[in-house]
Structure formats: structure tokens, C-alpha cells
Amino acid sequence: MSGFKCYLQLGDRLSQIWLNKYTLVLLLAMLKLLFFSKSIQHAIEVSETYILSNCYSIDSLYSKMTDNTPHYLGIMGNYLIEKGMEETVKATLETLSLIVYASEGLVNFAIDLYLGTYACLIVSAVDGTVDVATNITEKLISLVNDTVSSVANELDTGLNDISKIINKVIKAASKVENFFTGDDDDSNMTSSIKSVNLTISALHNLYIPSSINDKLEELSAKTPDFAQVKNTTKNLISVPFNEVRKNIKAVNASNIIGDTSVLYVPPVSLDNSTGICSSNQSEILAFYSILGHVLKIATVVCITVLICFAVGAMAPVAWNEIKLWRRLCGMRDHYMLSRQDSYTSFSSENTHELKDPFRDPPIQNGQYDVIASYQQCFQTWNTRIAGWMTNLVTFGKSPENIDPKTKQKIEWVVAYMTSERALCVLGIGLLGILVCICQFVMIALLKHKISHSLTSNDGDGVQNLLKSSTAVDIENQMSLWSVQTNKYINTTETNINQEVFGWINTTTLSVNNTVATMISDIDTTLADVFNGTLLYNPMKTVVGCAIENKLYTIEKAMTWIHDKAQLHIPRINGTQIKQALAKQTDNSTIPTASSTSAATENLLENLVNDMREGLLKILRAYHRITLGELTVALVILAVWLVQLPIALVILRLRLRKATFD
């Protein structure tokens with residue numbers, strides 16, 4: 001037993017190379033691949049079972065999709081046709097109204113162009129003549145009245161002077177006559193002429209009355225102007241056109257398109273004759289059989305490759321162990337040869353006691369081993385675990401009562417079971433067991449939740465949830481479709497108005513600007529030439545009749561074209577479409593609707609039951625997989641426990657060999 005050590009020798013190390021980390025990883029990968037293959041195989045089987053057990057539901061849904069699609073397409077198509085025809089009639093009536101309005105404008109323009117010009121000139125001539133006569137009369141009356149009054153005043157002044165002279169002459173003659181006759185009787189002829197008073201007071205009352213101007217103004221007021229004549233003519237012409245527009249507005253577009261009930265709507269089919277699943281059941285079975293065969297072959301090939309790599313990984317590990325052991329042995333031999341030169345200065349005078357550099361307590365020379373010190377220094381946890389297990393085995397016994405050889409055997413067996421590779425196996429096994437326990441807890445919680453959540457009562461709630469979810473999804477999709485369609489219509493309408501009618505808008509604006517400039521230039525020219533003269537108003541009237549009225553009419557027509565040259569496309573109303581679908585459903589026969597509802601109820605109930613059963617089946621499958629993983633973890637733990645009999649066998653063989661030696 002002198003050569004027996006408490007640590008593992010090269011042979012002991014090589015006996016555990018199959019527990020190296022590379023081989024373990026590859027073996028675990030192989031097991032993971034195997035479990036993954038089983039999981040896929042189970043999923044394929046569940047899928048096959050689900051499809052075969054729900055063939056009726058699949059056939060029913062497919063039949064509804066294929067057989068009932070014409071029904072809903074018919075409803076949608078009829079609605080679009082109805083709205084399209086109605087909007088077409090409305091657009092036609094609007095176009096007809098615009099044509100009538102344009103025709104009225106053209107007639108008015110033609111009348112204004114030919115007859116209106118002459119009527120305007122005639123009326124303007126009368127108005128101008130009256131205005132000129134009125135102005136001349138006013139000036140003549142003012143001149144005559146002012147002149148006669150002035151002349152009368154001057155004549156009165158002159159006659160007063162003459163009257164004074166004559167009165168003086170008469171007075172002197174009277175005095176001479178009295179002197180010669182001496183007669184104071186005033187009864188004679190001369191006495192009768194006391195004085196002379198010459199006046200023209202009648203001329204002060206001579207004037208031309210202003211009633212003549214009033215007569216002319218009354219004549220001017222009674223003379224109709226061109227605007228009145230034009231409005232009267234326009235009102236007379238607009239009577240038939242207004243009647244036509246009134247009749248057009250009174251037309252009801254809904255009555256013109258006819259009775260929409262004659263539009264055919266394909267009925268809802270309740271016959272699940274289109275059996276896409278039932279008719280192809282043999283092909284479905286063959287397909288799943290091929291999938292299982294391919295999966296099995298792929299699994300076998302991958303596992304074989306991983307096993308080969310796992311076995312091949314032992315060779316480099318064994319070679320590394322041999323090289324490490326050689327280095328340790330070389331270090332030990334080198335230490336044994338140089339220990340006296342290295343540690344003589346630290347020994348006593350009578351002995352050559354050596355000190356272990358890796359331990360604090362003093363030991364005997366024969367007890368020190370470099371390899372043991374190396375393991376204690378660089379494999380700390382392995383050494384500690386080995387010490388704990390040794391103390392556990394020798395529990396209750398003092399170190400002095402244990403035979404040193406027995407202690408070495410125990411330490412060697414513990415070292416064999418707590419080697420780096422053996423502890424790796426132990427850790428993997430314990431970790432696998434812990435993970436499996438966690439998986440069992442999770443599966444139990446999920447199974448409890450499913451069993452108590454998807455009961456019959458809650459199943460109705462799930463069905464209602466599915467119904468409401470389906471209805472909300474359909475409504476959202478319909479709203480999204482209408483919004484996107486309206487966006488497309490908006491873009492198309494904008495492009496048409498810009499690309500097709502854009503040049504019309506540009507042209508009308510340009511023409512209106514040109515007309516406004518021409519009218520402004522004409523008015524400026526007339527003001528520069530005739531302003532302040534009697535000819536300004538007549539010339540302005542003549543130019544207005546001949547030119548400006550036509551320009552104003554053109555400007556008004558261009559503005560009308562600019563406002564009306566716009567395309568308005570009707571928009572999609574999702575609410576009306578939904579109401580049309582609901583109305584069509586209400587108008588359907590009651591047995592058909594109730595049968596469809598009952599079939600839908602059955603489908604939803606089957607869906608809930610299949611959901612519950614499918615979830616439980618998946619949990620059962622994962623329970624089986626977890627059991628397999630737990631078995632693998634226990635096997636790995638058993639592999640570590642197998643190290644004990646292997647260590648005992650090796651120890652037995654080594655002791656027998658030492659006995660023979």
C-alpha cells in the first residue's frame with residue numbers, strides 16, 4: 001500500500017474520460033433532439049387528429065365561403081349598382097340643369113348682342129337728348145331771368161332821372177303861366193299835371209318759369225333706361241327656362257332607377273356538399289404518414305452523427321489527461337530531486353525536516369505529495385466537497401481511531417466520486433430534476449386554469465366573445481375599406497380637377513383679368529377725353545352699350561364656368577352598406593336565417609370544445625415530455641451514483657494487485 005495515494009492516478013482519470021464536458025454536451029444535445037422530435041411528432045399527430053375530427057366543421061366553413069360568397073357579393077353588387085344608378089341620374093339631372101342655364105345665358109347674350117345694342121343706343125339717345133335739353137334750358141332760363149332783372153333795374157334808374165327833370169320843367173312852366181294870367185285856379189289843364197313818374201315796374205315781373213325744366217325732367221324720368229329694358233327682356237326669356245329647371249329639380253332620382261327588389265340575390269346555401277376535407281381524407285393521412293417517416297429518418301441520422309462526435313470527443317480528452325499527468329509527475333520528480341537543496345536552510349541541525357509549502361500544519365516528509373498539493377490548490381471546490389463527504393462517511397469517529405490505510409481508501413473513493421467530471425454529472429442531474437419540478441408545477445397550474453376557465457358556462461361566454469369579435473372585425477374591415485376607397489376617390493377627383501379642368505380654371509381667370517383691364521382702360525380713356533363736357537355721359541353710355549356690357553357678360557360667363565368646371569364623385573358610405581346588408585338579412589326567409597344561426601352556434605360550440613381538448617392534449621404531451629426529461633435527469637444522477645461501485649471495483653482490483661506484488 002506504499003504506492004497507494006488518496007488522489008486519482010492516470011488510470012483512474014482515464015476511467016472517467018467518458019464523463020467529459022464535450023461528450024456530455026453532445027449527449028444532452030442528442031436527448032434534446034430526441035425530445036424535440038417527439039414533440040414535433042406529437043404536434044403532427046395532434047394536427048392530424050384535429051383535422052380529421054373537424055372535417056365536418058372544415059367542410060361547413062369551406063362550403064359557407066364558396067357557396068355563400070355569391071349571396072354576399074350579390075348584396076354588395078346590387079347596393080353598388082343601385083347607388084351608382086342613383087348618382088348617375090342625379091349627375092345627369094344636374095348636367096341638364098347646367099345646360100338649361102347655359103342655354104338661357106346664350107339666348108340672353110345673343111339678344112343683348114343684336115337687339116340689346118340697338119335698344120341701349122336708342123334709350124341712351126333719348127336719355128342723352130333729354131339731359132342736353134334740360135341742361136340748355138336751365139342755362140337759358142338762368143340767363144334770361146338774370147338779364148331782364150338787371151336791364152329793368154337800370155331802366156328804372158334812368159326813368160327816375162328823366163321824371164325828375166320833366167317835373168322840374170312842369171313846375172317852372174306853371175309858375176310862368178300864373179305870372180302872366182294871374183289866375184290861381186288850378187282847374188285848368190296844366191294844373192292837372194302835378195308831376196310825371198316814368199317807371200317799367202312791369203319788367204320786374206317778366207321771367208321764364210322753371211316749370212319748363214320740370215316738364216323736361218318729368219319726361220326724362222318717364223323715359224325707360226336700358227337696364228330696365230334688359231331686365232324686362234331677361235325676365236320674359238327666363239320664364240320657360242325657370243319652368244324647365246323647376247321640373248328638373250322636382251324629379252326624384254330614386255323613382256327613376258326603378259324597383260331594386262327585382263335585382264337578384266343568390267340565396268344562402270345550407271348544404272355542405274362541398275366537402276374539401278372529407279373527399280381528401282386518404283390524401284391527408286398519406287401526407288401525415290410521409291411527414292412522420294421523414295421526421296423519423298432525420299432524427300435517426302442526427303442522433304447517429306451526435307453519438308459519433310460524442311465518442312470521438314473522448315480521444316482529445318484522454319490525450320490531455322495523459323499530458324497533464326506527465327507534467328504533474330515531472331513536477332513531482334523534479335521536486336524530489338531538488339528538495340534538499342531548496343529546503344535545507346529551513347531544517348533543524350539533527351534532522352532534514354521539510355516543510356510543506358501548501359499547508360500550514362507541519363507534516364512528516366513521507367506524507368507530502370506535490371500532486372496532492374496541486375489538487376488542493378487548483379481544485380478548491382472538489383477538495384472541499386471531498387472533505388465534507390469524508391467527514392460524513394467517518395461521522396462519529398475521531399481521526400485517531402481511524403486506520404490510516406482505511407482513511408486513504410475512503411479519501412480515494414470520495415476523490416473518485418467528486419472528481420471534476422463526476423461533479424459535473426452530479427450538477428447536471430440535480431439541475432435537471434429541479435427544472436422538471438418547475439415544469440410539473442407550471443403544467444399543473446395551466447391544467448387547473450384550463451379546467452376551470454373553459455367550462456360549459458364560460459364556454460358560452462367564449463362563444464359570445466368570438467361572435468362579438470367576428471362582428472367587430474367585419475365592421476372594422478368594412479370601415480377600413482370605405483375609408484381607403486374614399487381616399488382613392490379623393491385622389492382621383494383631385495387629379496381629374498387639376499389635370500383635366502385645371503387649364504379651364506387658368507383660362508377663365510386669365511380672360512377675366514383681361515376683361516377687367518380692358519374695361520378699366522376704356523373708362524380711363526373716356527374720362528381723359530370727355531370728362532367735364534356734355535358728351536361725357538352720352539359717350540360713356542354708348543361705349544357701355546356697344547362694348548362694356550358684352551365684356552361684363554363674358555366676365556360673368558367665365559366666372560360661371562370657373563365655378564362649375566369641377567368634378568364631384570360620390571363617396572362610399574360604410575354605414576349605408578352595413579344597413580343594406582342588415583336590411584337584406586331581415587328580408588330573408590326566417591327558416592334560412594335561423595338555420596344559419598343554429599349552424600353558427602354549433603360551429604362555435606365545437607370550436608370551444610376543440611380548443612379545450614386541444615389545450616389539455618398539449619399539456620398532457622408536455623407532461624409526458626417532462627416525465628422523459630425527469631427520467632433523463634435521474635439517469636444522469638444514477639450515472640454519478642454508479643461511480644461508487646466503479647470506484648470500489650477499481651479499489652478492489654488495485655488492492656488485489658498490490659497483494660500479488
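Cβ coordinates are placed from backbone N, Cα and C, and glycine is handled just like the others.
Relative to the membrane, SER15 and THR232 are recorded by Swiss-Prot on the same side. Least crowded of the glycosylation sites (ASN252, ASN280), judged by neighbouring Cβ atoms within 10 Å of its own Cβ: ASN252. Counting other CB atoms no more than 10 Å from each candidate's CB, the glycosylation sites ASN231, ASN531, ASN573 peak at ASN573. DSSP assigns ASN231 (N-linked glycosylation site) to a helical segment in the three-state reduction.
Closest to ASN531 (N-linked glycosylation site) in space, going by CA atoms and restricting to the glycosylation sites ASN231, ASN252, ASN490, is ASN231. Taken residue by residue with DSSP, ASN531 (N-linked glycosylation site) is part of neither helix nor strand, so it is coil. Nearest Cα neighbour of ASN280 (N-linked glycosylation site) among the listed glycosylation sites (ASN231, ASN252, ASN490, ASN512): ASN490.
In the structure as shown, the Cβ atom of ASN490 (N-linked glycosylation site) sits within 10 Å of 12 other Cβ atoms.
Distance between Cα atoms for ASN252 (N-linked glycosylation site) and ASN573 (N-linked glycosylation site): 21 Å, as a whole number.
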